[in-house]
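Asker: Below is the structure I would like to discuss, written out as structure tokens.
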Amino acid sequence: MESSTIKIILEVFHYLFFICSFLAILSYILLSIISARETIEYVKKNSFVNYKHILSSPISPSITIIAPAYNESLNVVENVRSLLSNHYPNYNVIIVNDGSSDDSLEKLIEAYDLEYVDYEVDEKVKTQPFRKGVFKSKNPAFEKLIVVDKENGGKADALNMGLNISDSKYVACIDVDCLLLEDALQKMIKPFLEATDHKVIAAGGVIRIANSCVIKGGKLIEVNLPKNLLVQAQILEYLRAFLLGRMAWSRLNGLLVISGAFGIFDKYIALEVGGYDTNTVGEDMEIIVRMRRHMEEKNEKYKVAYIPDPLCWTEAPDNYKTLISQRNRWTRGTIETLRKHRKIAFNKNYGKFGLISYPYWLIFERLAPIIELVGLLYFGILIAFNLVHWEYAVLFIALAYLFSVLFSLVALFSEELTYNQYKKKGVGIKLILLCIIEPIILHPVILYAAIRGNIDYYFNKTKKWGAMERKGMSSGETN
Amino acid sequence: MHIYDYIVGAFQEAPFLIQISLVVVVAMIITIVILIIGLRATRSLLKIKDKEIANYKTQYEALIVDFLYSGDDSDEMSKSQRSIIIKLKSGVRIPSRQKSIITILSSLMDEVSGEMSDDIKSLYRKTGLAGHARHRLKSKKWHIVTKAIWELRQFGVYEGQEEVSKFITHHKREVRKEAQLYTVDLFKFEGLSFLDDLELPLSEWHQLQLLEALMTEGNPKICDIKPWLRSPNVSVILFAIKLAKIYNQFEVKEELISLLAHPNKEVRSAAISVLNDLFGYETEELLQLSKDAFSYEEVHVRTAEL
Amino acid sequence: MMKRHKIVLAEDNSTLSLLLKYKLEKEGYELLIAADGKQAIDLVESYNPDLILTDIMMPYFSGLEVISHVRNKLKKKTPIVVFSSAGQEDMVLKAFSLGASDFMTKPFSPNELVIRIKRLFSEFKTIG
């Protein structure tokens, strides 16, 4: 190849990267501004909401919490207690024991005084069959609890079983190891009931990281910043994603995912679209995209709502191995969902959904790691051919780094001014330092995991069918 | 100075793109430093505020409870009560203290009734808080107005009626909701008269709150709900159906039956549900008659609700 | 001199707790205050009160669980009065089936509470 051709190719790359970075930075700035405005509005609106009123209302709509459990024997009793102590007048809890091979069921039977009840399930969505069937408590204090023991079928299948059994208008799908705050259901149901000119099909909550927090009797007693740097970095990442990213997207009604760890759905619509897809590892994202698509096709006005209060707390991976496998799975979930619904992309029939949300997700979530990898390879080639203009390179890297620090700091600011969860003395300075080192400790790992996810998706056949690979439960998506 | 000259020289010679990037980098570093300082300052400010709030809470909680118990049986205030009022009044002038006092009073209002709640209401007036709240109704900021209306409602300040009624059709949803709740909470069914010509929709959440406001304390006499069942506003009809159900309005049977032909699906299924509730088996016949008019979904909704 | 009756009050609204404490101490009772169900159970276990007042909706352990614990685990017949909010009728029914002695719906009048407490003590004396 002639050197002039190489030059042209390099030039093109230059511009492509420049445009990509510029768009990314621009989108982040826009999202920050939108989220700031939305947050202020939200705080103002909720400063005088008296949740006591809906709490005591005898006509508040029914909600079912569906929590799939797979080999959770260690904590299941405690976790169920937390689910049962929500302050909402009209709800029940379905624990779906998804073919666990441990003694989860026995422990639940013992702790909650359960007995077998004959139950005929109306199979609105096809699922794996019962194993031991349905159990309820003999103790009226635990009347809200239903435990279902079924054959293993994966998280989506377990959730579908819950959808079949629930007799409520709304379902809250959560991970059993999540800790819900007591006012979680009240706050999450509000957007459904407040809508007048559109229908709210689902509402997502914030996921907060519970590592090192003190939890007793199913209640969060004390919020702590964990010592583990990897977990700390994820806290910052979650703050950015939830306080800035999702807040803004909810304002634009462009949320494509609500965390599998905690979300509420209009059950009727969730069943109308056929429940969760059991053939993907990203069932939490997939069902939202499918529900949105359904509403767009029916031409009905709808919204996916979002509640920024810290209502759901969960353990984050505290080692590289688990973190990488989690992110690997999220990447595959995203690819699967976007591919399955690629018809939406740039399709004006789907309105903003097709023209903004989907493409944004495609470029900044799905393709970003690949673009970055190509960039790195390109940089490597430049070094190899000794073509690097170091002053450009250094400045470019500095810009990228500083921008990510800046963005983290903005997220932190938003946290301090709104929910201020990390109140302990001395934590403030740690969080600031964290903003400075986070891009170095977390970002490379996430990039690596995302690339691995891509490789596994396209080349690793045994992993391709997510549902076959892992029958266990997974925490939800955050970004 | 040598180094400085060198840097300036190098900057001036650098290509344009580099110059811009350098400027941006410097600007970003400055922003970051400002943000960090801001974060530190906010944090210590919040800490001080938290302490203050906790401090006020214990201080005023004791004072208020003291006030409520130091009265004698006469209508006159006792000497110690008067001195407590003076203390509270001086607190009311400072916004953060005022907030704390209101929070304490309001949380008690939610829990106690009878004489005690009357005492709290009169304390709210005597400390000048009622006047403050009415004054804030003139604010241009919607959330301040809303908060003020909420207060007047929470402490049953009837005198605010005229000012508050102006907000009943306010363009900002939060404001008009609070104003409507005020009139309904204080004047019960009489306060619902705004429904007569309401064009704006009532959300489900708001309807629940209105019902709640109707149901607190006493057993107010229900008025004629027929006009609302004929309202052009669907959400008003739905609300009236709820009233019919809760207050067992057998006399609106005709209206409910005519709603079975309403173009809105939700209205139809709500009507079925309440007819079933009030008249039981008779409804089955009615449904048989107009079976074709109902989709599977409505029957489904109906059974789910029962 | 007659022994003062001990009462455990479980209530998460601190102002109401304080208010009731004043009121009931004025009436000659000894009050032990718990801010949540867990503390209430601890107090019941260590002080063996003559009466328990508990809110239904509370952090950690609900009032229902407090009743269940006292009746089933501790096997005690201590009278229990529950506070409920409007619209929690089925909770009240559950409380009674677990062994609650009386209930009061919030908002309630402290004076009425005193009357009910007095009545409960006199009933309990004649039965016990």
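The backbone N, Cα and C atoms fix where each Cβ goes, and this holds for glycine too.
Worth saying up front: this structure is predicted, and the values here are computed from it rather than measured.
According to TrEMBL, the protein has these features:
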TRANSMEM  A:12-36  transmembrane segment
DOMAIN    A:64-196  domain 'Glycosyltransferase 2-like'
DOMAIN    A:228-404  domain 'Glycosyltransferase 2-like'
TRANSMEM  A:367-388  transmembrane segment
TRANSMEM  A:394-415  transmembrane segment
TRANSMEM  A:427-451  transmembrane segment
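Can you tell me where each of these features sits in the structure?
Answerer: When DSSP labels each residue, the domain 'Glycosyltransferase 2-like' (A:64-196) comes out as 43 helix, 39 strand, 51 coil, counted as helix, strand and coil in that order.
For the transmembrane segment (A:427-451), same-chain residues at least 6 beyond its ends with a Cβ under 8 Å from one of its own Cβ atoms are 225, 229-230, 232-237, 320, 323-328, 331, 369-370, 372-373, 401, 404-405, 408-409, 412.
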Asker: Where else in the chain does the transmembrane segment (A:367-388) make close Cβ contacts, counting only residues six or more beyond its ends and a cut-off under 8 Å?
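Answerer: For the transmembrane segment (A:367-388), the sequence-distant neighbours (Cβ-Cβ under 8 Å, at least 6 residues beyond its ends) are 10, 13, 17, 20, 24, 331, 446-447, 450-451, 454.
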Asker: Compute the average pLDDT of the predicted model within the domain 'Glycosyltransferase 2-like' (A:228-404).
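Answerer: Across the domain 'Glycosyltransferase 2-like' (A:228-404), the average pLDDT comes out at 93.
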